[in-house]
Each structure stands twice: as C-alpha cells, then as structure tokens.
C-alpha cells in the first residue's frame, strides 16, 4: 500500500512538471505569407495616358514580375471579383464615352420621308410595288467569292453583293428658336432607326417615326469622345495581391490549381465590345483552349494565333456631319446625302477553316463534352433570334456600330449546301455586308438606348480575332451546335478569369513553448538595399512555417515599404485629378484604393496593438493555446495551410488575447502607481500624508479590535473550563443563581466551592463587576494611546522645530530681499513717472508751438489768396489810368 502511494505521488509530481514546462502559449507572428479572398476595388495602370479614358490611370512602368508559389488554390472565372469589376468598369467607360446630355424627345414626331427610299429598304410597300419571289426552278448561285489584300474590289468598295448604304431622307416641321413660328428641317436617317406607316400608293411621302419612341427617351452624346479601344491593366491596392493559375489545363474552373503565381497587376488588356468574336485579346496562344462555365454550356473559346485570323471592316464614303439647331440648347447631328455611299462591310483573313476545325477537335477532347465525336456533326450556327446585337455580329469601328449579317461567312467556313437558302444568302464568301445603327441597345444593361453622332470621313479598322463566344449544345450524341453568343461579358472572363484577388493577412497565430516576450540587447543593423518588391515576402508562401518565420523582420519591412511606395504613386495621380473637369470611373477607384490601403494597414496595427504586439514581428503572450491536440508541423506545413486549420479558433483566440492585454494594462497601471514611491519628494505630498494618516488610524483600530477579540476568546475559554479569573471580585460579591436539579440524579460531592449539601438546588458564581473591569481596561488602553501619541507628537515637534526655525529665518531673509527690490522698483517707477511727465510737457509745448506756427502760416496763406482778386483789380485800375 505504501509503495502504491509513493508511485501515485511520483506520477502527480511528473504531471505537474509536465503541465508547467510543456504548456504551449499563443504566439503572434506579423509578416507571415498568408491570404484570404477579397472583393475590394482595383485600379488601372497604362502606358498610353493621353486618351480620355486613361488620364487618371497610374503610369505603367512594365515592371510587374510574377513570383511562383508552391501552393494549391482554387480559381473560378465566373465567380470572380476581378472579372466582375472589369465588366462593370468597361461598361462605365462605354457609357461615359457616349454619355448623353441633350434630350431628343422632341424628335418623336411625324416625319415625311421619301417613299421610294422607304419602299426600297422594306419599311413600306404599297400594293403596286409588291413583287413575287423567284421561281424555285431558277438556277441557284453557288459561286464562292473570295477577297484578299490584292483584290481590286476592296479599294473600290464594289465587291459582289455589296449594296448602297440604307439611308432615307426625311422632313419634319417644329418650332425653332422662335417659339411662335414653325420651321421645316431636313434629316437623314439609317433605315434601321425608323419605323413607317403603310401609306397610299399615290403618296410620294411616307409617315415615319424614330423607332425608339415607343420605348424610351433617347439622348444625344454631347462630347467628342468615341468608343475607341483602351489598353490598360488592373493593379491591386497595397496590402492585396493577384494570384494567377498558370496551369495550361485551366478551363475557367479548377478547385485545386497547383501552379500558382502572384503579382501586383494583371496582364495588359483591351476594352472589347463585340458579339460573336473577341478582338485583339491578350490570351491567344499557339493552341486552342476553352473556358467552360461550371453549371451550363456557356463557353469562351480562345483561337490559335497560328492561323493569323483577322477581320478588317470599312465604312466607305466621305460622310459629312451637319449640326442642326432645333431650339435653344438642342443640337441634332444631321447627315446630308451628297452621294449614295456604299454600305459598310467586313472581310475575314487567315486560315479560318483550319481554325474552326481545330475548335471542333478541342471541343471533342474537353472533359465537359459528352456529345458526338464526329466533327462533321459539329456545326457553327447563328442564333435563332432576339435583339439585333444577337442575330448580327455587332462590333464597333471607330465610333460607328456595325451590325454584320454573317450568313456568307458561315456558309464559307462550314462549306454549307446553299441551295435551300434565300436568294441573297446563297453565297460562300469571306466577307459580309454590314449596316450601321445610331440607336443601339447597350450590352450590359437591358432596355437602355443611346444615340451616337456619326463620324465623318472614310472609316477603316483592322482587328485580330482572338476568341469566339458560343453556347455548345448537343442532343444524344447526334448533332452538336456551336451557337454564337452575344455575351460580351464573356470576353473579360477569358482575359482575366485566371486571376484571383486576395487580401494579404500578415498576422498569424501559432502555439509555442515561450510564455512571455523578453527583450534582450538589440543590435543596430546596417541598412541594406531594398531588393524585394511589395510582394517579395509572398515568395516564402510555399515554404515551411519554421523557415518562413526566420525572415519575418525583412518581410514586414518589405510590406510596409511597398505600401508607402504605392501610396505615393496613388497620391500623384490624385493630385493630377484636381486639374480635370470630368472624372472617369478610375477617378473614384483611385481614391477608394488609397483609402482602402490606409485602412488595412491601420486595421492590422490596431489589432496588434489590442493584443499588446504593436510593431513586433514575433510576440509571445501569456494566453494558453486553446487546443492542445492541434499543433503545427513547422517543417512541413505552410502558413496558408495552417491558417485554414485554425480558422475556427481565430475568434476565440482573439478574445483571449484581448482579455489578456486588458489584464496586462491593469497590472501595468498598478505597477506605475508603485513607481511614485521611488521619488523622495512624493513622500511629503499633502495627499500622501493624508493617506498615511488614514493608514495609521486603520492600523491602530485594527490592533485595538484584535486585542479585544483575543481577550474575549481567552475569557470565554476559561469560563467554559469552570475557573474564576484571578481579577474577579471577592466571594462576598457573588450572586447565587439557583438551578433546579432532577431528584433522581445523584448529588455530586467533593466539588470545590460546594458544601456537599444534598438538596435539589446548587449555585455557580458570576462576576457582577466585570463591566467595571472592562471599563478600567479600556481607560488604561486609551491612557496608553494618549501617552504614546503625545510622545510621538512631542518628538515630531522636536524634530520639526529646527526645520521650522530655519524655514522661518529663510522666509525672513526672502522678505527682506523682496522689500529691498520693491523699494528699488518704487524709486525707479517714480523716476520713470517724472521722466514721462517731463517728456509729455516738452512734447505738448513743442506741438503747441508748431501748431501756432502752422496756423499763422495757413492764415497768411489764406489772406494772400483772398487778396489776389483785390490785387488784380488794383493792377487793372493802374493799367487803365
């Protein structure tokens, strides 16, 4: 049994030692390479800052190198804040470039248009002009018309099938600058912008309206900006970063991308606005790859740049734009028809058939595709219907929006049988006709129309086709349709879908064996050259936690230096914005970015300060680690992996750290209060003496109460033992207290103080003068206290008497000195007073004399002036005499 007890004691001791020396505590690390997803605004950087849309972007120095990270991260091109911001920002630029400012609602009136032109372009058709369709037995044209750079029809705009531009001249009457008089105006419209009523065949004019009048109020652009492409890149604010999936197998969604790189800015991109195709993209490679939506069949296909696919569009004619003043403040841009120009058109260059064939082969190999493997059954098709931007290929050419009918192009690429098509569509050509609209449907927000003033002159634009927007549908493995799409937003998912915006979280929590932070001798290191960039410390993101923790000082310094550098660049841009009268979408983003960066840094420092770890790279605390079973593998785990493991503990640890810091501050406050005892002068402070007196009174009262309690306890103990105190009164003062005894009990004999009588009564003594005794003892105690206090005060007086005498003598000497100085001051003041009085008298006499002289001079001058007429009269009298 004894051996078992010894073993149990040894086990308890070992457990106690283990609990003392093996407990782990929370340690705060600042500068760890970790991050989390973010949704804050990005800002732009560009080399070409002389265009209207990029004046407020940061200058692009091209130094945006990428660092490879040994981590695994998830990427999604559709659920992505970078692509969503790009779509919204480009839309804002698009809307700003054609921002309306003049209401054209007065033009929603009846216009008289040339009937022959309205009949020609299919707006009206009387009963006498109806023509029958061509007979089915007519020969079908299957001619393949191809054009290239050397074709003569390109320069002359007379390639086969191209017609004149569909323009109609109209007249309307309304009030002009003179509101009480009407005026007739002439205006030229595109046929697609008008809607006409069916008129009589004898009329020479058709009644037409603007086709927007039944939907909304159109406004005309009043600035000189046109929607031209803008090249720029997105950059993350300080404290944030952009991760990119560098895996060639990435197809728009990858939950575990192992090839991750980090940078502060994206690649350069262009503001594309077109349907069906993407132009001048930056993602083209020597391969064809597909971004496929994770939940439906929306795709964006990047075309192989090896095939050199191009599209060149042209709007022929020397168009003239004439502003027409409708009324005060309203100007409408008119287009007088000098001669009938050819319609706009586009032709396609490059190996398009080979490119489309490779697209089909890539679709077959894609893991999401489960349709037919026969590429002959995969067809490129046009959408069935909808808005013009869907049924036509819609693009912008230097401010003019072209709507191109793509039947000829699809027939040529797919080698279709054209015998069953309409007469005008029975051709295989590598060029397509286009028509122009001035009233367009916007691509980002539904139901809003804008009016664009046309550009003058001959317009030509050349583009490189880099992507294809399509929906891929298949049925039971028989047929697969690649239906061209009008989702303009998909272009930016291809451009930026491999990026991901993250917020750098440099504060990490991990358990260590050190309980508190101890400061040792610090050595001042020489300042080294700043080599790492703002994101340099993320290079250790794939390293183990132990290795990354060894460079926290340099990493945190790099983080702060990068924030300061980017803040200075943003500040320069904000200063330049003060000179601008009009801000683009980048103006507010730059301001938001600056505020976001400052807020993030201050937030991190405030959090560290709340834990008592401000401006420390490694901060040990007194908070025990809450989960002993969860510890990091310092040699294998990365900080990003560790942050994911302890994410559920972060809130609890944060609360414990704050509570520990509050307790630490309370302890420091109490410690600071004790520091006042180090100063000898504080001992003579009046407030301190009052405290000392209070403490003395408390001690005296405590001693008195303690003595009384001890005495009472001793007295009660002796009374319970049956002994009479030695200071009790003599027997004559005893008062017998009779008690009734049970007759059946035997009588006690031999009891001290008892006569041995065997009756039923007995008595025991009680001190009747006990109160007198207490009073005498209290008087003695008070006398002792009085004598001691008197002795203390007399000795204090004896000690303080020489000090008071010296102080009195010093005060007397000071008084004598002050009285002497006061006498000197009084004498000096009297002398100064007399001098001032003498000066005043002298100045008064001088001024009085000067005033008399001045008055005499003025009086003589006045008399002389008044005597001038008299002298003149006297002179004339002498002359006449």
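Cβ atoms here come from the backbone N, Cα and C positions, even for glycine.
Range annotated as region 'MPER' by Swiss-Prot, chosen from 651-672, 673-694, 695-716: 673-694. Checking the candidates 158, 761 against Swiss-Prot, the annotation N-linked glycosylation site falls on 158. Looking up the ranges 570-602, 603-635, 636-668, 768-800 in Swiss-Prot, the one annotated as coiled coil turns out to be 636-668.
Looking up the ranges 486-506, 507-527, 528-548, 549-569 in Swiss-Prot, the one annotated as region 'Fusion peptide' turns out to be 528-548.
The separation of residue 379 (N-linked glycosylation site) from residue 37 (N-linked glycosylation site), Cα to Cα, is 40 Å. Cβ neighbour count for residue 297 (N-linked glycosylation site) (all protein chains, 10 Å cutoff from its Cβ): 15. Residues near residue 308 (N-linked glycosylation site) in space but far in sequence (CB under 8 A, at least 6 apart, same chain), listed by position: 349, 350, 351. Of the recorded residues, residue 148 (N-linked glycosylation site) and residue 249 (N-linked glycosylation site) place their C-alpha atoms 36 Å from one another. Each residue contributes its Cα atom, and for residue 70 (N-linked glycosylation site) and residue 297 (N-linked glycosylation site) those atoms are 33 Å apart.
For the pair formed by residue 652 (N-linked glycosylation site) and residue 158 (N-linked glycosylation site), distance between Cα atoms is given as 77 Å, rounded to the nearest Å. Around residue 652 (N-linked glycosylation site), a 10 Å sphere centred on its CB holds 12 further CB atoms from the protein chains shown. Least packed by the Cβ count within 10 Å, out of the glycosylation sites 70, 246, 249, is 249. The Cβ of residue 379 (N-linked glycosylation site) lies under 8 Å from the Cβ of 414, 479, 480, 481, 482, each on the same chain and at least six residues away in sequence.
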